[in-house]
Each structure stands twice: as structure tokens, then as C-alpha cells.
Amino acid sequence: MRPPSRSFFHLSRPFSIAFNAIKLRPSGSGSATPKHISLDPVQQIAKTTTFSSQKPKNIQLKPPTFTQTRDFSSASLNPSQKKDDSVGSNSNSPPSNTIPVVSIFTSPSESSPPIDASSSLRKPISLWPGKYHSPVTNALWEARSRISERQIDPPKEAPTQSGFFTKTPSQSRTSIVYNFSGDYVLREQYRDPWNEVRIGRLLEDLDALAGTICGKHCCNDDSTTRPLILVTASVDKMVLKKPIRVDTDLKIAGAVIWVGRSSIELQLEVTQSTEETSHPSDPIALTANFTFVARDSKTGKSAPVNRLLPETEQEKMLWEESEERNKSRKRKIEHKRDLANGEVDRLEALLAEGRVFCDMPALANRDSILMRDTHLENSLICQPQQRNIHGRIFGGFLMNRAFELAFSTAYAFAGAMPCFLEVDHVDFLKPVDVGDFLRFKSCVLYTELHNPEQPLINIEVVAHVTRPELRSSEISNTFHFTFTVRPDAMKNGLKIRNVVPATEEEARRVLERMDAENS
């Protein structure tokens, strides 16, 4: 008998993700046990309306789940929670919740009961846009349900938060474990054509986890006050230290490391153990620093957040490093304003070869190419499924789309599969709304050919919010990615061309990028 096809599994297999709240700790307590999100089967599913269909006989696939300690109060005990839970539950601990989640690839069956549009069961469907993203992003956003419900429909006349807590980094620490080795379905959702993890999808998860961590730090557990809106302000440079495989378990862990008046910086670490490095000092695959800012949900102005008290030597060191980064960033902004007098000669040197291309193209260097000839573009209308819990377009989605276009640009330019190395500092200048006409424009900004075995390809992606009705176009984000090619491609005769600017505006962009890399 012919076995069912893979597409049949795709449409018919029910899928659930659960968050188990294990133990609540008051915000003023000492060091808290790190919270873990792991991929384990769901033993019991709470009664709710889910979409599912009949499971094929004799087919057993292990569904991933997410288990996390949550700092939100709840009203009923999780039926799947055992009293001897390994995380540490006791008779005095508060009850916990189980949040069932429908997988993004399940389809509704005829037996599913209809949803009454006037009932509260319909609210989570609009509340969790994460269900249209990765399963990890979906589960992380559902972990913020208590905060999110207040943010989406806050009391109209509620006062702002007046009292602020002092929290430790350990109270916001959260980790995710991807069970790639044991979960085929999860593995396929993150696999790229070269059997590595899709970096764009990982960027989505990093942004979602960062938002969840910030939400924990800012939570005051008081439903009578007006909630805060947390938005991604910037992402510091992320350097990929080693390829991330899709057949080996992956872990992301992070916590708040620095807090200002209304800004919060946190650090995330992506680690992946192998048989050769399965010890505590495993090399980290990627480190990312996110900065969020808090806004008043009514006025939109900056709002103060809870204070942070570093406890360990490592936490104090991270605090000091963050302080220095903030000071350095301010110095760069001031220095950038004074560059005009000293860059004329550098601009002329960059434009010299470009003028040959424009004036005498037949005599131009065949090992070079004009920047404008490397352009690619992608356009889309922002859909409701791409929004975050605040109703804006999810920052992780923007990074994902920018990365995919940058990868394609490097691929078309090099003529061989590019290898991602890093994404530089990203500033989120303007919010993107549902319904916006969004245009991503990319180009190869310049190449570095000093090392013939590992040439560097610097890609710029600019996101424009275009409003045809108003005849306006604004830049919302500028992304800079660095790629290289595999050494065996260079040994087989692959040659990377030099990229030259043709206009003064292009030359200025190249100089700014080079200065940022060297600073």
C-alpha cells in the first residue's frame, strides 16, 4: 500500500505548542531560576477552540512544544503540571496556565466547531499575529498574553505606572531550545536549501524573544495602570561565528543587561553544540544586542521603565560595556556632522574610476562594475498577518525580508552561493503600518578583495515606506549585510569584481559604511 505523501502530512497533522507556567516569583526577589522554552510533546491540551484534522494512521511525529516559567499571575492550575516538577513547584506556589497553540501548517476540519464572532474565543485570533510567523515567534508572543491583552485594549482613563521595581537580569532571563535532532517538522520549517538554518527566520525569532524579555522586565502586574508599548529601536552588529546546522539542537538565551530612563538593552546568545564541542565552553554561534524603547500607550511619548540591578561580575561587566557603547554611539553622531571638510579627496578617489565607466565604457576595467548595475528590488503591501502585538509591522519580519533580498543580491553578483557573515547596526527609524506600500532596494555597496580566499561582499538594503496617495516616500530602515563565498569556489576560478560608485551620493554612502566598519 502506497504511504501517504508529505503534502498529506502538511495539511492533516494537528500540532500544539504549550507554555507551562511553573513558578511565580515576586519582582523584588533575588536571583531567579532561568526560564526555559523547550520542545517537548504536549501531554494534555486545555479546552479551547483549535483547528485540527484527522491524523493518518500508523504515523507518529513528535510535535514541538514550549515550556517556560512566566511571571504573570493566573487563575487555574495547569492540568499537565505535576507537583514534582523539576523546575521547582511547591504547595505555596501560585497556579499556572497551559496555552495551546495551533501550528501554522494545520488546516481546519469539518468537525471543528464554529467560532462565534461575538465571543471571547475570537479575540486570540486577532491578538496573536505571531501564528503567521515561525512557531517559536508564535509561542513567544503568546507568553506575553497578560501584558498584550492590556496593551491592545487598555483602560481609557487608566493612570500611568507610578511605582517602579528594581529587577535583576536573572528575572528576565529566558531561553529557547530547538529540538532539531528529534523533530522532523520543526527541522523542515527552518531548513534552507543547503541544510543550514534560515538566517532570516532566526532573525524573526531573535526579535520576538527580545520583546518577550523586555516585556518581563517592564511588567508591573498591575492591570489598573496604563501599559507600555515596547518597540525595537536598534540592533547592534551581529557576527556569525560558525554555520548553524539544521540537524543539531539549537539554543537561544538572553536577558536584560542595561536600562536607561526609557530604553532597555538586552543580549541574546545563539549556541549549538556538536559531538566535538559538547561541553560547557561550547563556542557561541551568534551574539545579538537589541535596544528597545518604552512608549506610553496613550500619548506615544517615551515612558520610564523598571530599574536594573546587576548582581554577578559578568552582569556588571555587561552593564559597563553597554554604557561605553552608548557613549561611543553618541560620539559617532557628533563626529558624523563634522566630516564634510575632510572627505573631498576620498570622494574624488572613489569617483575617478566611476567616471571612466560613465564617459568611456568601452575602456573601463572589466574587473569592476558600477554600483547601480548590482541593484535588486522587492515590493510588497504590508498585510495584517505580518503585524506584531502592537498592530505595527513586526521588526523581525522586516529583517527577514531584508536578509532574503541581500542574500539574493550577493548570489546574483558573485555567481556562487554566498555565506552570511554579519549584519551591522540597524536603526528602526520609522514604524511601518499594515497597508503600507513597502519597497526594499538593495545593491552591492563595495567589495573587499584583500584576502583572495575570503573576499567580502557588503550589501546595502534600504526599506522605503511609499504612500502613492501623498506622493511621498520615507526610509524606515537601512540594513547592511556582509557575505563571502566558500573557499572551494575561489579555488575553482571564481572571481569577485570590484564595485565602484558613479555619483557623489553613492560615494558618500560607501565612505560612511567604510568608516563605520573601521570604527
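Backbone N, Cα and C define each Cβ position, glycine as well.
Noted in TrEMBL for the protein shown:
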REGION    49-120  region 'Disordered'
COMPBIAS  65-80  compositional bias 'Polar residues'
COMPBIAS  87-120  compositional bias 'Low complexity'
DOMAIN    176-298  domain 'HotDog ACOT-type'
DOMAIN    372-489  domain 'HotDog ACOT-type'
Overall pLDDT of the domain 'HotDog ACOT-type' (372-489), taken as the mean: 91
Structural state census, the domain 'HotDog ACOT-type' (372-489) (DSSP three-state): 32 helix, 57 strand, 29 coil
Helix, strand and coil residues within the domain 'HotDog ACOT-type' (176-298) as assigned by DSSP: 27 helix, 50 strand, 46 coil
